[in-house]
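Annotated NADPH binding site per TrEMBL: Arg40, in sequence order. The FAD binding site annotation in TrEMBL covers Asp47, Arg103, Asp294. Residues annotated as domain 'FAD-binding' in TrEMBL: 5-66, 144-337.
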Amino acid sequence: MTKSIAIIGAGLGGLLLARVLHVHGIQATIYEAESSATARSQGGMLDIHEATGQAALRTAGLTSEFEKLICWGADCTRVLDQHGTVLVEKAANDAGGRPEVQRGALRQMLLDSLPHNAVLWGHRLANAVPLGAGRHALNFTNGQKVEVDLLIGADGAWSKVRPLLTAAQPVYSGMSYVETFVRECDEKHPLLAKAVGQGMLIAPDEGKAIMAHREPDAVLHAYTALTKSAGWFAALDFASAEAKRLVAKDFEDWAPELVGLVTDSEQPPIHRPIYELPRNTRWAATPGVTLVGDAAHLMAPSGDGANLALFDGARLGEAIAQNPASLESGLQAYEIEMFGRNEAARTEAEEMLKVLFGPGAAQAMQEFFSKASVA
Ligand SMILES: Cc1cc2nc3c(=O)[nH]c(=O)nc-3n(C[C@H](O)[C@H](O)[C@H](O)COP(=O)(O)OP(=O)(O)OC[C@H]3O[C@@H](n4cnc5c(N)ncnc54)[C@H](O)[C@@H]3O)c2cc1C
């Protein structure tokens, strides 16, 4: 295949796609807005699901590399109520299950699996213009211009490729996460370390939660979920000394070992507003362009998004490799399957989020885990 292929975005979806194409001897160029692989911290732990994330890594021929990254024992989970009472204590699954890896390590592994010049850093797509016959002109904010035969948007929530296919726009979900970090937890914050345990902590309540993960090097990485308007967050100065207190205000009567995950953070909290694409965002097959991952199906975090992005990348890579004579039918088959898969995942995720943030959330989570262990 001699077609020129551009993948916009070196997130997990775009990199996995490029890797599968590479395995099939197909060259693609990834254009990434960030200036380097280390320009931004890559976030926390991801549990990689058997049917999606792990399947994608198998397709990419990277299972043994992936296994080297697993943080064994980190997939245990505790659910606490607001008083710090342990309601669920789910042990780690040493046989695999949904192993945890650090997102940054996974991304680096994917980068290392590609030719050294596969990613062009510092290339932020400004817009893409159809030229006919499936070709597109790409305009980058650094002034570069390229024309390509196949364009794939793997550029996340605010995709600049998506407008070529649909007018759908992400909508604020009504909830934001606030990210905080407590370091040297065993020495400096033993009560918090004990509450979190060796894996994941979930302390849910209606419309809010404190969730945390223990990461390598004794770091407790927490997400506090709050149902508040975009305006409330816009008025909050996250760099101010007061920010942690204001975020923790809704948890005033909670146990100190939970609230401390916010108030004892050594760095200012980071705002992560949760946006979603409307349900059933689809588009008519369009020659020479498609999407993977959040660009195609952004939804509220439920532990699936990165897994689905990896899986999209694998399925699209295979569809391109297996249809050299008829790229358009390959893209269409990929999209039909992807739309169905992601709507089903979204339905499941919404059920899960209703349990996590619905009335009587702590008890509902307890029931959820007890049913899951029986099933
Ligand atoms: C708070 C939070 C917690 C989450 N936790 C989990 C979890 O535990 N498990 C899980 O599976 N999922 C989780 N997710 C979801 C997951 O992060 C996403 O679904 C996943 O990262 C999507 O991957 P992607 O490759 O599609 O996009 P992204 O990871 O967003 O990557 C897109 C890439 O494109 C680049 N880019 C963007 N615009 C441009 C442009 N114009 N030009 C060039 N490059 C561009 C970006 O810099 C980025 O590198 C969470 C999400 C949030 C917000």
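If you go along the chain as it appears here, the first residue is 1 and each next one adds 1.
Even glycines carry a Cβ here, placed using N, Cα and C.
Just so you know, TrEMBL annotations never went through curation; they're auto-generated.
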Cβ neighbours within the same chain of Asp47 (FAD binding site) - under 8 Å, at least six residues apart: Asp75, Arg98, Pro99, Glu100, Gly303
Conformational class of Arg103 (FAD binding site) under the three-state DSSP mapping: helix
Close-lying binding-site residues around ligand 1 among Arg40, Arg103, Asp294, where CB distance stays under 6 Å: Asp294
DSSP-assigned states of the domain 'FAD-binding' (5-66) in counts, ordered helix, strand, coil: 26 helix, 10 strand, 26 coil
Cβ neighbour count (within 10 Å, all chains shown) around Arg40 (NADPH binding site): 10
Integer Cα-Cα distance in angstrom, Arg40 (NADPH binding site) to Arg103 (FAD binding site): 12
Binding-site residues: Arg103, Asp294 - member with fewest neighbouring CB atoms within 10 Å: Arg103
PLDDT averaged over the residues of the domain 'FAD-binding' (144-337): 96
